[in-house]
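Colleague: Sharing the feature lines straight out of Swiss-Prot:
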type: BINDING; residues: His13, Leu14, Arg38; note: NAD(+) binding site
Amino acid sequence: MIHMRTGVIGVGHLGRFHAQKYAAISQLAGVFDENAERAAEVAAELRCRAFPSVDALLAEVDAVSIVTPTSTHFAVAEVAMQAGVHCLIEKPFTLDTEEADALIGMAQERHLVLAIGHIKRVHPAIQYLRQAGFGAPRYLEAERLAPFKPRSLDIDVIMDLMIHDLDLTLLLTGAEPVDVRAVGVAAVTDKADMATAWMTLNNGTVANLAASRVVREPARRMRIFWQDRYASVDFLNNTLHIYHRGAGTVPGIPGVRDEAVDLAKRDALAAEIEDFLNAIAAHRPVFCDGVAGRRVLAAALQVRVAVEAFLQR
C-alpha cells in the first residue's frame, strides 16, 4: 500500500480501470465524471466518494489520473497543477505541442510529477529489449489492428492506436523522425480509421507502422531488425522471439537461431500507476514524463499532417 491520496477524473471505460488500480494500491479518495450517475456507480463499487466537481476532488488528493477526452486534457491538468496535484494524463498527452509545452513548464515550475500514459513502455518484451544492449535498430515494422468500438471517436486512429508504436519506435531508437510519409482512410468515422506511416529517423533507422480500428481480427505485433538479429514481439499473446545469426535452430533457415524469451505476465496499468506514485514519493523520474509524451505527440502530429494531405487529394 502506497500512503497517498489519489483520485480519477473521468471514469468511463478506461477511467474505471484506473480507479480500480488506485483503490488496490493507494488511498483512493474518490472520482469525478461529467456523468454523475457513472461516477456514483464507480464510487459505490470501490467504496469511495463521487465528488460533485473537479475542484472538490482536487482539494482532497495528492495525485490524480486524468482520463477524459483529449480535447479536455490541457484544461483539466492546468487546474490540477494549479491546485498542487501530481498528474498522470492518459495518452495522447494534449491536442497540440503548445498545450504540452505549457503543462511541462507548469509541472517544472511547481515541482510536480507529470506522467503520460504510454502504457506499452512497461511491457516485459520492450523492457527486455531495452536492456539487451543490441543498440539502435536499423528497421522496425509494426501493426496494431483492432475491431471497431464506439470509443475514442474524438481522435483518429493515429492518436488512438498508432501512437503506441510511435512511442516504442522513439523509445527503442532514441531518435526523432526527419522524414514522414503516410496514407490513411476514414472508413467508418469522419476521421482516419486506418493509417500506414513510413518514417526515417535522424539516426538512420527506418520505421513502417500500420494501424486500423476497423478490422475483424485484432493484431498487435512489432518486428525490430538489427544488423545480425531481429526480434518479433506479439503483444496480444505476450511472446518475444529473437532470431540470431549463428548456429541454426530454425527449420528451413540455415544459420539462424531462435531464442524464445520467457516473459512474465504483469498488470501493465497497475505497474504504470505504481511507478507514477513511487516517482512522487521518491522524487525520481517517472516512466514516461511530459517531455517524452511531447516527443511522441509531435511525431503523431507529423503523421496526421501527411494523412490529411493524402485524404484531401
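Backbone N, Cα and C define each Cβ position, glycine as well.
Quick one: how deep are these features, and who are their neighbours?
Modeller: In sequence order, Val11, Gly12 constitute the residues six or more apart from Arg38 (NAD(+) binding site) in its chain with CB-CB distances below 8 Å.
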Colleague: Just to confirm: which same-chain residues, 6+ apart in sequence, have a Cβ under 8 Å from the Cβ of His13 (NAD(+) binding site)?
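Modeller: Arg151 - these are the non-local Cβ neighbours of His13 (NAD(+) binding site), listed in sequence order.
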Colleague: Hey, for the NAD(+) site built from His13, Leu14, Arg38, who else sits with CB inside 8 A of the CB center?
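Modeller: Neighbours found: Gly10, Val11, Gly12, Gly15, Arg16, Phe17, Val67.
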Colleague: Compute all pairwise C-alpha distances among His13, Leu14, Arg38, the residues listed as binding NAD(+), and give the largest one in whole angstrom.
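Modeller: Between the outermost Cα atoms of His13, Leu14, Arg38, the distance is 13 Å.
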Colleague: What does DSSP say about Arg38 (NAD(+) binding site): helix, strand or coil?
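Modeller: Note: Arg38 (NAD(+) binding site) is helical by DSSP.
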